[in-house]
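Swiss-Prot annotations:
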ACT_SITE  149  active site, N6-AMP-lysine intermediate
BINDING   63, 64, 65, 66, 67, 111, 112, 147, 170, 206, 353  NAD(+) binding site
BINDING   444, 447, 460, 466  Zn(2+) binding site
DOMAIN    623-710  domain 'BRCT'
REGION    1-36  region 'Disordered'
REGION    657-689  region 'Disordered'
């Protein structure tokens, strides 16, 4: 059985492909058949839009329209309990896993022999020609395919009947970690193949983090006081090994596919339609909607491959993905089979690697930077050195544990590594010229508060008493995605602190025009403007207030989810970790991070100080209470409200609302056109099924109104 191109992807048949309407009628107005048909149209259209965006770089619709289509599909699937196995909505992540299982590969994922010298590549060519001659092939006809050697994480991805079914890391080459749910969240990995793929297809790809996205993500990590990734490869590898797929979904991973590992057209495993050459396999990738690199070439001799490598190396800084060389592979599959492989590597491929971008220099000093959350980052001050055409005078040492592992100190000769947007760092001490290892300070270099170790990291315990942390906190409060206060950039924040006008976050709201106008570089107009900006933030939306506090792991998206779930600040301040975990986008780690921040006495003083000065966030209209405490509800079908509103309503009164029926469920509330699977689960578990009228009666008995009052 093969999979044909989705019929709904044709713009003539699918209204959501070109100029799609987004003024949808209420979900509750649809029958189950109508919802199923609309969801099918939306899935096909979203896949088409993903293909146009990620593979063709030619989007048909703006991001805002795409988001509306995606949200509508989520609503339909939730309200009507529609199957979502390979729906685009699965990309937002699923339930956290207990561990990564180990799975065997369809075919060995071998490594590739490599070298940085051209002569070694020519020797490889000689072995290929000799081997082909010995097997009776015409070695003069050999052609090579040249492609980038990606510096990411290699994965095997399997499709059956065109549907995505599994993904695994390379592991030891024979078996790897099952990362099916993690890879599913990568937008450029199709959940359903286009065209006419074989009944079973296994492909090899390289998951990576684009360089621009890596830079932005690292900046966000450092802004939150978290350890940045050393390089894009570490970012990709660390992300795919996350047990929580929702964490993976939040990180900007991408993928290139570059090889076919298995191709089966029927139960006997015959493969008459598999391309005869690697070059032709690239055409099938395009036909199936599998993203591949464009910088590939086919050459008829090894000198052409060497020339390709030199040209690609010259352009590497302009690429938005990290590469560390090129792969040169025999094109013809029959030739490949004749050449075979060793236990470790194929005889028909070779990697011509780029020289490393490193240099050696002397550490002239070590300074310690203080981040917004108090994280202390040691930095090596260097004798300036040219590394790959860029003068480097500073390099990160990451954290105290890294210093201890390196054994580095002032005066040592160290190697510096730099690549693209990667922060220059010290991978090794080349020559030890000092005695001992740098001793990390026990007090903050800025405020002298004690330093506290947390695993490999170190933190200043001074909180907002620390001038550095205070300045970063004020800057964060004023950010566009928080309170959006114009006129509070780093230089002005430092000036206000040094003038003694701002010694805590609440002090911002004690500022007066006369105080500001007297400062150097200020005038009455600029002072009045800042005071007006501050006054406009005294009744901020709850989510902006939360985002502005700078709670680790809580950005704008999570702040909105918290605000929508709890409704007011006091409810959030009182919520324990279990209550926090019930919020969309909040997993165990984020819940712990929120609770730790809110339990900090200095942070509570700052929050109370803001409220005392009239900065009190607007509450979201959500009722609270414990009338339903101890009950667990599951909703299915169409109700008089959306399912999300129903869940939020019962949770606001102390109940739990889950997405699936289990032995812990007290009631399955079935609206119109309920999902069959949940009703079957309820029957199997002995869970009572009630309609909306009965549900309203249950709530009324406990003093809770239904539907929720406006």
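From the backbone N, Cα and C atoms, a Cβ is placed for every residue, glycine too.
Taking the features listed in Swiss-Prot, we show where each one sits on the structure.
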residue	record	Cβ contacts under 8 Å, 6 or more apart
65	NAD(+) binding site	20, 22
67	NAD(+) binding site	none
112	NAD(+) binding site	327, 345, 346, 349, 350, 351
149	active site, N6-AMP-lysine intermediate	323, 324, 325, 326, 327, 351, 353
170	NAD(+) binding site	109, 153, 154, 155, 156, 176
444	Zn(2+) binding site	370, 374, 376, 450, 451, 460, 461, 462, 466, 468
447	Zn(2+) binding site	460, 462, 465, 466, 467, 468
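DSSP assigns residue 65 (NAD(+) binding site) to a helix in the three-state reduction. Surrounding the centroid of the Cβ atoms of 444, 447, 460, 466, where the record places Zn(2+), the chain contributes additional residues within 8 Å, namely 370, 374, 443, 445, 446, 448, 449, 461, 462, 465, 467, 468, 469. The highest number of surrounding Cβ atoms within 10 Å, among the binding-site residues 460, 466, is found at 460. Per DSSP, the secondary structure of the domain 'BRCT' (623-710) breaks down as 30 helix, 17 strand, 41 coil.
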